[in-house]
Amino acid sequence: MFRLSNFVVGLANTLVMLVGASAIGYSIYMFVHHDVTDCESAIRAPLLTTGIILFLVSLIGVIGSCFKENVAMVSYLIILFAGILALMIFSIFLFFVTNKGAGHVVSGRVYREYHTVDFSTWLNGFVGGKRWVGIRSCLAEASVCDDLSDGRVSQIADAFYHKNLSPIQQSGCCKPPSDCNFQFRNATFWMPSAKNATTVATENGDCGEWSNVQTELCFNCNACKAGVLANIREKWRHLLVFNICLLVLLITVCSCGCRARRNNLAATESDRA
């Protein structure tokens, strides 16, 4: 008799197999089509690897639960237990490395600004050295500042200062840092104040890095790196919440898997009798 626990494990793994197959298919699509950007191509190999792992592990789970193969079910449970343990360790690690970096309130602005020193050393490694060259290229490719160039917000300073911007836009990739005291012309065009023109660059190195060339802006600024770090931190925080939900699901599936294994053993003994 096909037990409920076997059905739950089989159904859950069938759904994961579909996700894995989709990931494999999309990664192959990106390998075959050469019109994807450099930023998109960076995820091809990790996506393919993740898809293959998900597909194979789920296949083992389906074989063990639906075809009552006890060896496959034991292998699946060992892999699942190791995955749960690794996910717990990774989630604890994520909590600590993303605990810093809440940002600084700027007077008269609804958005926050960030500094690289606000973030953990581990996170700073994402924007260090040669990595930043690739990230900067991706920012330019993605045209992250283009949506600031249209509408009322782009032309009126007060509207700009009270707009909720993304961390990348608000911290310094698309505008100079607030302490540079540049004069607003439009959302992506700023001029240094006359009285600060000769001294502002020495107070904040990013002030001298600002360019009104629309393909450069402040992509070379440390403030831009901080904005990217804030964005990464936000994504990792979302991932942390997802991991906790995933842990609950995996523990439930593991519990059902243990019951399914007992059902398989009982069925085997019944067949022998």
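Yeah, the Cβs are placed from backbone N, Cα and C, and that goes for glycine too.
In TrEMBL, annotation is done automatically, which means it is predicted and not curated.
For the transmembrane segment (7-31), the list of distant contacts is 40-41, 43-45, 47-48, 50-59, 61-62, 64-66, 249, 253, 256-257, 260: same-chain residues at least six beyond its ends, Cβ to Cβ under 8 Å. Residues annotated as transmembrane segment in TrEMBL: 7-31 (among others).
Feature annotation from TrEMBL assigns transmembrane segment to 43-67 (among others). With a cut-off of 8 Å between Cβ atoms, the residues of this chain six or more beyond the transmembrane segment (43-67) that come close are 6-7, 9-10, 12-14, 16-17, 19-28, 30-31, 73-76, 79-80, 83, 257, 260-261, 264.
The annotation transmembrane segment is assigned in TrEMBL to 74-97 (among others).
Per TrEMBL, transmembrane segment is recorded for 239-258 (among others). Long-range Cβ contacts of the transmembrane segment (239-258) within its own chain (Cβ-Cβ under 8 Å, at least 6 residues beyond either end) map to 5, 8-9, 12, 61, 64-65, 73, 76-77, 80-81, 83-84, 87-88, 90-91, 94-95, 98.
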